[in-house]
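Engineer: Pasting in a structure now, in structure tokens, and then I'll have a few things to ask.
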Amino acid sequence: MSFLRITPSTHSSVSSGLLRLSIFLLLSFPDSNGKAIWTAHLNITFQVGNEITSELGESGVFGNHSPLERVSGVVALPEGWNQNACHPLTNFSRPKQADSWLALIERGGCTFTHKINVAAEKGANGVIIYNYQGTGSKVFPMSHQGTENIVAVMISNLKGMEILHSIQKGVYVTVIIEVGRMHMQWVSHYIMYLFTFLAATIAYFYLDCVWRLTPRVPNSFTRRRSQIKTDVKKAIDQLQLRVLKEGDEELDLNEDNCVVCFDTYKPQDVVRILTCKHFFHKACIDPWLLAHRTCPMCKCDILKT
């Protein structure tokens, strides 16, 4: 049996061909409709007695259905241990003398629409929702139909936890939310997938050439890494798959998105259910698990369950 021999010249030829193919496919796709994303400038003031410190940053994004307006007020937390404000009778620990206040709510547990409505019914002038634990500085524009009369922005988990812990320590926190810059999403998902495939293919041929031309000495570390990769693939294959269909609650536009790609779930989407019961698009989570082995939300290791 003879195998194709990959040489640097072959690699260059293949890469050039792939580039021409990508340009052809790029020009073949119909124009995608641009979708505006508005950032939010947050002027945050921390007051302890007579000591006041402030910080200003473009640290949030407006929700897709939020009015683009300036709003300000003292920050109030949901009462009780749970900070997601999913219970319809949730109260907020706001100062009585405050004329205007903003609800700080944790993402998760229910839809964005429900959280915002709970805060609005309690008299909030705006809602700040901070992302899941473990998402670091990631934010995205929320979908919350039916709440178009109240300003709603998302901030990162890191910034949300900073404000939360400050208030829990007795710090008086006020926030001014102002409209930031507009960004357009001109690139369609098809083109994103195309360039992802193109980059992965070129990287494969490049690394393959390097691998073939570099002397290799087998060692225990290499064998161990190969065994772990094999174990991860087996563990992934044993995880449950599910095809979403009309009527599933995950298809509600107000439900949480896939945290890997931030796309909403649609009928016929194939999702992978992890042992921790979190689920994601199969096409998104499989590469993630191969690289990280852990759930992107709770860090559950699929090899330890």
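Residue numbering: from 1, along the chain as shown.
Here the Cβ of each residue, glycine as well, is placed from N, Cα and C on the backbone.
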Engineer: Zinc finger per Swiss-Prot sits at which of 174-215, 258-299?
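Structural biologist: Going through 174-215, 258-299 one by one, Swiss-Prot gives zinc finger for 258-299.
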Engineer: If you check Swiss-Prot for N-linked glycosylation site, which of Asn43, Asn64 comes up?
Structural biologist: Asn43
Engineer: Give the residue counts of the domain 'PA' (65-167) per reduced DSSP state, in the order helix, strand, coil.
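Structural biologist: In the domain 'PA' (65-167), the DSSP-based counts are 21 helix, 24 strand, 58 coil.
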Engineer: Relative to the Cβ of Asn43 (N-linked glycosylation site), which residues of the same chain, six or more apart in sequence, are found under 8 Å away?
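Structural biologist: In sequence order, the residues whose Cβ lies under 8 Å from that of Asn43 (N-linked glycosylation site) (at least 6 apart) are Ser54, Glu55, Leu56, Val175, Ile176, Glu178.
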